[in-house]
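Each remark here refers to the structure printed beneath this line.
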Amino acid sequence: MSKRAYNFCAGPAALPEAVLQRAQGELLDWHGKGLSVMEMSHRSDEFVSIATKAEQDLRDLLGIPSHYKVLFLQGGASQQFAQIPLNLLPEDGTADYIDTGIWGQKAIEEASRYGHVNVAGTAKPYDYFAIPGQNEWKLSKDAAYVHYVANETIGGLEFDWVPEVGDVPLVCDMSSDILSRPIDVSKYGMIYAGAQKNIGPSGILVNIIREDLLGRARSLCPTMLNYKVAADNGSMYNTPPAFAWYLSGLVFEWLKEQGGVAAMGKLNEEKKRTLYDFIDASGLYSNPINLTDRSWMNVPFRLADDRLDKPFLAGADERGLLNLKGHRSVGGMRASIYNAVDINAIKALIAYMAEFEKEHG
């Protein structure tokens with residue numbers, strides 16, 4: 001087999017090679033059963049055991065309290081933008097949202113279709129290069145919930161603190177930084193995360209929701225989007241994306257083998273520090289984000305001359321450094337350095353960036 005490339009894609013993102021190798025080995029014959037996970041009935045004892053273990057491993061990794069349900073859902077985080085207000089926002093209620101970038105804005109736009117949304121805080125005055133402090137927010141007195149995006153994958157802003165909202169349920173999109181380091185789940189009413197960045201392949205979403213928030217769905221909420229229906233049916237009201245669920249479970253096992261999220265947090269801190277330090281010391285590359293708000297997982301950077309973008313990307317591709325092109329809405333470059341992207345990938349990227357700067361700087 002040819003050497004695997006270093007994949008800096010924002011999502012679907014790199015998966016641990018050990019996970020891919022195990023899935024390859026089990027593809028035709030899972031545990032001697034003579035069939036693939038893709039061919040199993042989701043009601044079978046075999047698949048139920050896969051699903052049960054995946055949930056327990058995730059609970060172990062994040063220290064999820066027993067009064068939280070763990071749901072494996074379909075539709076990705078974008079579907080949650082509608083599903084959240086349908087389940088948690090009364091028709092005459094208000095939801096507070098924090099705008100720190102494109103994904104926060106999409107959540108606000110969708111929620112506004114179902115009720116009153118108060119944009120309690122926004123990074124717009126800072127041109128989305130910094131997160132407004134909570135002292136700048138204007139939270140509602142009676143909000144049904146407060147929603148924010150922990151890490152904006154496109155802009156490269158990330159909260160390094162948890163908002164204090166009292167008894168109001170805190171709802172967080174952690175699609176791109178879940179499992180990157182320890183968190184206190186008990187501070188949240190609900191956490192949701194699309195899988196295709198730090199969990200597994202696309203097609204499945206993890207939802208961690210406090211039990212008292214179940215059963216609040218509006219009458220018009222489709223059955224398939226009702227959190228309580230999903231919880232009551234073990235996330236199997238209909239046929240789930242079984243193979244994506246299985247692969248996510250393998251990633252959870254791999255994370256435990258690496259020492260869990262505490263160990264992963266130390267590795268991720270080293271990775272992001274190494275890359276940002278190089279960028280900051282460079283004369284060709286720059287990152288505009290406020291130092292304390294820089295993302296651990298998604299590192300956007302620009303070259304001093306946009307005309308160098310194409311040759312930079314071409315040279316990166318030749319060296320097996322893939323998917324470094326920034327999001328179409330902002331341009332530039334972006335290195336997504338999720339859990340499966342190890343320090344060797346960072347070192348290889350920096351070596352190339354230094355070489356390119358020597359030639360073009």
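Just so it is clear, glycine is given a Cβ too, placed from its N, Cα and C backbone atoms.
Values in this document were obtained by computation on a predicted structure and should not be read as measured data.
Among the features that Swiss-Prot reports, L-glutamate binding site is placed at Arg43, with the record citing sequence analysis. For the recorded site, Arg43 (L-glutamate binding site), the DSSP three-state label reads coil.
Residues or ranges marked as pyridoxal 5'-phosphate binding site by Swiss-Prot on the basis of sequence analysis: Ala77, Ser78, Trp103, Thr153, Asp173, Gln196, Asn238, Thr239. For Ala77 (pyridoxal 5'-phosphate binding site), applying a Cβ distance below 8 Å and a minimum sequence separation of six or more within one chain yields Trp103, Asp173, Ser175, Tyr192, Ala193, Gly194, Leu205.
Sequence-distant neighbours of Lys197 (N6-(pyridoxal phosphate)lysine) (same chain, six or more apart, CB under 8 Å from its CB) are Ala10, Gly11, Ala13, Thr153, Ser175, Ser176, Met297, Ser336, Tyr338, listed in sequence order. Taken from Swiss-Prot, the feature N6-(pyridoxal phosphate)lysine covers Lys197.
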Message: I need the most crowded of these binding-site residues: Thr153, Asn238, Thr239. Count other C-beta atoms within 10 angstroms of each C-beta and give me the top one.
response: Thr153
Message: Just to be sure I understand the packing, how many Cβ atoms besides its own are within 10 Å of the Cβ of Trp103 (pyridoxal 5'-phosphate binding site)?
response: 22
Message: Helix, strand or coil for Asp173 (pyridoxal 5'-phosphate binding site)? Use DSSP.
response: strand
- prompt: Sequence gap of 6 or more, C-beta under 8 Å: which same-chain residues meet both conditions with respect to Ser78 (pyridoxal 5'-phosphate binding site)?
  reply: Lys106, Glu110, Gly194
Field: Same-chain residues at least 6 apart in sequence whose Cβ lies under 8 Å from Arg43 (L-glutamate binding site)
entry: Met236
